[in-house]
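Now, the feature entries from TrEMBL:
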- A:244, A:273, A:302, A:338, A:358, A:359, A:360, A:399, A:400, A:401, A:402, A:438, A:465: substrate binding site (BINDING)
- A:442, A:506: Zn(2+) binding site (BINDING)
- A:586, A:589, A:594: [4Fe-4S] cluster binding site (BINDING)
- A:8-23: compositional bias 'Low complexity' (COMPBIAS)
- A:36-105: domain 'ThiC-associated' (DOMAIN)
- A:1-23: region 'Disordered' (REGION)
- A:613-633: region 'Disordered' (REGION)
């Protein structure tokens, strides 16, 4: 069923990439990206409804013997037991689930043409070279008119393997979390504000099914992407993060894009969008899909535009339709479709500071005005639905009219498009096609919530998927931060997936380090949002890390963090010695002056008080009256409230009273 | 009046700093820090009430001839016309204002002792060396019982030079902003949400006086810091950013700290806290103050602890009082005083995940329990006020019980202390002593607003000054981002100053690059907050940059940003050629595929429509009925609404219809 046809030419640089990387370097870097993270091992949970499911978790071994399991997006790459080879593609665990459902069939598929890779003249050397770089798989499609979407199954009451997989993955391993989340005062105090979210204490497969059936979550999972480890996008699940990769006419090549994919999933990308333009985009996509454990999204209009030589006016429904089928057969899990860029909305952008900044949006706007016709994606929307449901490609309804600057935020054009996306969501749902909605962009903090409110209202809680938003325009070079702020906020407000922004946004193409920096900012945003909205499994990791920090378990502090290597490097810069990794102080204050150490003394003293049945000091008892507050030198009230502590004080001093008594081994 | 006593020994490395930097390197780096930012010149505005005021602005020259003036914290260092020399200190523009008020007098001052620099044995070589590194100024104090605080003047109706300076600085140069903020639809749509702030359209000197009189703003301005360029901290002013510097027993030396100061103000630090511990802290502080154009804050308990050899129990009021006078004479502008760490609150920290993490808080908690007495800062608070008002040192009431982890956020201990700080604020105000309140720390997003609400309520709108807060604990190495999110939010909610966090937080001592990274994150947070709360002068810079971006004025886009050098570097990485700096495309999409370019075509087309009196297309007219929405293939309605556009469409195609027509020169 799978065709691996990889000639040696595969390792030559593709067409016009100016800075092509020798394949050996790529393979070396890939190998480096495959080492497990420090102190980490890959483990798996198994299904109940579908016992053969192997749902991955990353288990972090702490120095105190605890084992903390965290969500793992990195796929088989970080599993030394898995023999991955990007030249052959990943194993295909979903293949048997799909086949077992009996509603799909393999078929010959659309013949691959030179122009799929942006090549028009068969004589080109480049064309031949590119064409010989193959990593293809025979496509499947729904058997005669069947609907094979997860939403269709969900609405018929079927809990698919994908749904159970997602449920297990979202729950994580709760056993280790219990210790951290057991304190009832703390849990009450820190209880999240769901703002309309309805997250259950335990995610069951049935809950996943119900959310998918209602359209409140999607599981992007093309039947032609059997390598996928399924995940869910929805406001009642963990907030997800997307990383964009993709070559362009200016730089980058196939191998580099696969390397970025592996790298992005290592650092937590839940989905990856391949935004390639220029040459060899079909072939690049084959490589990416066959090597991707996460859902892959694309913007098919980019490839369609390449096929017409970059002239937007020459786009046609027939050509676009053919491109959708091409990509659906390859296994793309979600398509960005800018069907909301309607002709009447285009003039609304005239007075904008930055017009139309979405690539897809501007292409379609140009097509609309050149032909003086309604957007063909809008007029053919139901035909697109027919394709989507034959492969289970999810819609990501594109916000082609999103603001490109704060000045254009929440304007008439943006919200007119959003309302249209709401209408189209209902059309897609009529066909049981999974749908999410893309959102902005550039929005000042105080205008973010309105975006979420409008989206929930017009799109009936279909998952929202936003880029940022950037909360200021004045920091080119730091837009992972300007947008990380907005992303965290909108994630809390109900956004289901955050499209990352790298430091290179607006300036250049992200390299490997930029991809990591973008992901770090967005994993932070997503996690902060999970805590704020009250996801029951979110905060345990913060507590585990804080406990390690307080107990001077430096190694554990590093390893529980999002980026253990950087944390360790930073510590090494000031205190390089290994002994400092177990020291009861840190470099900020030095050995004589550690607040963490002092507070442990305080804790022991106070705990001793409590254990010995001393009356606990109440804050009210110790507080001065208003008259006292104006003359705080009188501390007699406090003194009075604290009789009995004097003795303990003496004990404390007798028992050491020093900064350097050994800490308790917890 | 000023004593410059700098022996050659000043350039030798101080006492026990392990990685002392040769002075020549420092001077080279300082020189590099003094070049004006790209395309920037220093200009000055003058006063009306006080005509000799010279209030600095940085003017950025754009390629289209515009000149954009922005707030400038960098002091004389970035002014090629100013001959700065860190070995002599800065000029002292405030000296004449202070003298003119006639209520202060120079005096001999407290004799400097070896132990001020943490040295106990006079025989030490180190001691002698350190003691020869002097950069001192004869102190002044209030004449016989006078009160010389800005608050005292304000309450008597006096608009000081400092107040007018602040007003001019806060307004900025409005002339250039008008073009950017003239569109009434846009200004209405983007209008900020003040959440209780009352920011006038124009900041007058009288408004500043009134805010200071009410205690809602402070102007930290010790009479012994005449080098200062005054600034205000208050919810109705621009959100400010503080950078912490300071050596510690583990690393760093005097010259490095001065270099960090210059570097920090270059990148936008509005105030700087010197958190030095260990040896030579008195001398380091002299150097910092004499070279600082921004207010300097300290935590005097750190130095007091050094004087008692690090043994918290040996601290006493007499020793602490002496330290306050020592630092007040040097010119420290605000003191962090942990007077709210009351004995009865200490046991409230027992069940915390991370106890007491504030250094000052833990020192005082230890003192309290060791002596079984109320915190001496609390009992002697009015005596501290007497010192503060003789020099105009502002209070920064420290949050010694702030949470050190999400788990401890908003707990009993934290809020008990906050209420005490509210009581102490009223005591300070009774003495007309300027006061701000420190806040946390580590707080999940959904619990941030409660911090602000409680602070405003209990502290009667005295300015809030928070560290972050960090919104998750799981990202050591990236806490400038975890906390930048919280900082932006609390800034919007009403926080007046944000204490930066660098990427090294929890891990090591920040180096020069860390200082910059921390400042970038926090300038972003502060600016995003200014926009959200509706500061009338905030958004113009975003608009200017967005306009430059849309018009492919790359140089202007770089130079209008917070960090022009990094933006340019990032652009160069992908497109190094100079011609790319004027290219009508960028590296993300390449020359054939630029949404910005396409949208300009769209704009011209639509604008032409409007100019020719065509009926403007209304979104409602073009929207399908609900029935249509379910069959979007029927675009007849939209077609009907758009009659007349067909002709324009033909015109557009005849007139080019290409991606590559030259852009209009705006």
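Glycine is no exception: its Cβ is also placed from the backbone N, Cα and C atoms.
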(request) Please state how far apart, in Å and to a whole number, the two most distant Cα atoms are among A:244, A:273, A:302, A:338, A:358, A:359, A:360, A:399, A:400, A:401, A:402, A:438, A:465, the recorded substrate-binding residues. (result) 20
(request) Whole-number Å only: compute the distance from the Cα of residue A:358 (substrate binding site) to the Cα of residue A:506 (Zn(2+) binding site). (result) 12
(message) Using Cβ atoms only, which of the binding-site residues A:244, A:400, A:402, A:465 are under 8 Å from chain B?
(response) none
(message) What's the number of neighbouring CB atoms sitting within 10 A of the CB on residue A:358 (substrate binding site)?
(response) 28
(request) Give the number of CB atoms, excluding that of residue A:302 (substrate binding site) itself, located within 10 Å of its CB. (result) 23
(message) To the nearest Å, how far is the Cα of residue A:244 (substrate binding site) from the Cα of residue A:506 (Zn(2+) binding site)?
(response) 14
(request) Between residue A:442 (Zn(2+) binding site) and residue A:465 (substrate binding site), find the distance joining the two CA atoms and give it rounded to the nearest Å. (result) 14
(message) Just to confirm: which same-chain residues, 6+ apart in sequence, have a Cβ under 8 Å from the Cβ of residue A:465 (substrate binding site)?
(response) A:233, A:242, A:396, A:436, A:437, A:438, A:439, A:495, A:496, A:497, A:498, A:499
(request) Starting from each candidate's C-beta and looking 10 angstroms out, tell me which of the binding-site residues A:360, A:400 has the most other C-beta atoms. (result) A:400
(message) Among all protein chains shown, how many Cβ atoms are found within 10 Å of the Cβ of residue A:442 (Zn(2+) binding site), not counting that one?
(response) 28
(message) I'd like to know the mean pLDDT over the domain 'ThiC-associated' (A:36-105).
(response) 95
(message) According to DSSP, does residue A:244 (substrate binding site) sit in a helix, a strand, or coil?
(response) strand
(request) Would you mind reading off the Cα separation of residue A:302 (substrate binding site) from residue A:506 (Zn(2+) binding site), to the nearest angstrom? (result) 19
(message) I'm trying to understand the geometry here, so how far is the Cα atom of residue A:400 (substrate binding site) from the Cα atom of residue A:506 (Zn(2+) binding site), in Å to the nearest whole number?
(response) 17
(request) Give the residue from the binding-site residues A:402, A:506 that has the most other Cβ atoms within 10 Å of its Cβ, counting over every protein chain displayed. (result) A:402
(request) Look up residue A:465 (substrate binding site) in the DSSP assignment and reduce it to helix, strand or coil. (result) strand
(request) Please state whether DSSP places residue A:442 (Zn(2+) binding site) in a helix, a strand or coil. (result) strand
